[in-house]
Amino acid sequence: KSSVQTIGEEQIQNPYTELRVLKGHQDIVRFLVQIDDCRFASAGDDGIIFLWNAQTGEKLFELHGHTHKITAIAPFSSSDASEEKNHLILTASADTTVIVWDCTSGRQVQKVSCFHSTVKCLTVLQRLDVWLSGGSDLCVWNRKLDLLCKTSHLTDAGISALVELPKNCVAATVGKELVIFRLVASNDGSEGWNVLEVKRLVDHQDNILSLVSVNDLTFVTGSHVGELIVWDALDWTKQACECNFWDSSVPPDVQPEIKLSQSPNETSVQHLTSDEECVFAAVGKGIYVYNLQMKRVIACQRTAHDSSVLHIEKLPNRQLISCSEDGSVRIWELREKQQLPAEPVPTGFFNMWGFGRANKQANQAAKKMQDNTSMYFLELVGDLIGHSSAVQMFLYFGELGLATCSADHLIILWKDGERESRLRSLTLFQKLAQNGNLQLK
């Protein structure tokens, strides 16, 4: 049974006043995936998958089938006209297998053991009713787990991430390269597919660590040395490239010097997320808000945490959540800065009409100042302290709260204490009424 703890005055900046600690994992918990509105799965280095109720913290199922650590997990829901929506999850492991699990019964549906190396990423293309596995090659599978097609061996590095693009295409990261594949329907009239490599993009100088789709027109990649590239999702051309947005000391036009003392992790783009307007990047210890239309950073928190930020998400409101190797989870609000008052116009006959250098220089200085200052800032509005080791990722469940997983083998459900107290009182009230111990008038 999960333990419920209340958070007192020692965590003033924590908006969640109650937490539930979910135990079961024996090693680092790296993945959380949402199944539906109130269920989620967790997986990590112990090779076990747990299914949990996000409202109560109840452990629903413990899934055993892998012999090594989990390397990827993906929800895989089916909804045929004849049947109810069936929630499945796919899990890949370092034991070179992929297993499909039924979330309703907790049973293993099927196991695929034909891989030559570890599958590092999984993605489901709902529209085409297929799923892809990425490792030393790219494989395309149907719902029955038939292998429809695969690429030839790519590189020893293998595919580390996949994202769906329009026109039946996917982008795959292979080391520092971005490879575009297209799925083409078979000519023989069957329901099969062929996968073709259509383009290789070699614009990154170092390994691509993060990849996110913004919309049908745009996707973004981030590398180990802090490059951020915005791509056109239809013709795969570069829309924008930022190589040193994380370094405040370097003017925009100057190529940064390589500092030998600087750790590569300080500039590494560990995770990207986005909404329609902005890309939110976890870079080293900081978080950055990059506006896609303006093509520049509009807000940043250069030291958001004491160690590398591992995961970042945008909430439906103007808030962001980030988690870090330092064991903390923080909530930020994107707020607009108060605009500086306009510079006074210099007096004098020539300056009044815009003649003379003084006015020109003042205008240029004001313009430069305007360009260099962010219009927004990130304010810390929540600091969640509960884990004793690196927080790997989290899931946001709205009013049900937040689930976080960590290298300390624990999952924590962060809750609104007042809401939980009301629900417990209501449950007790209903129980008493059912037992006839409460006389309802």
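Cβ coordinates come from backbone N, Cα and C, glycine included.
Within the same chain, residues 2, 4, 68-70, 72-75, 87, 89, 91, 93, 95, 101, 103, 106, 392-395, 397, 400-401, 403, 405-407, 409-413 sit at least 6 positions outside the repeat 'WD' (22-62) and bring their C-beta atoms closer than 8 Å to a C-beta of that stretch. Taken from TrEMBL, the feature repeat 'WD' covers 22-62 (among others).
Averaged over the repeat 'WD' (63-111), the predicted model has a pLDDT of 86. Taken from TrEMBL, the feature repeat 'WD' applies to 63-111 (among others).
TrEMBL lists 302-342 (among others) with the feature repeat 'WD'.
Long-range neighbours of the repeat 'WD' (302-342) within the same chain, counting only residues 6 or more positions beyond its ends whose Cβ lies under 8 Å from a Cβ of the stretch, are 15, 246, 248, 265, 268, 270-275, 278, 280-287, 289, 366, 369, 373-394, 396, 398, 402, 404, 406, 408, 414. In terms of DSSP secondary structure, the repeat 'WD' (302-342) contains 0 helix, 21 strand, 20 coil.
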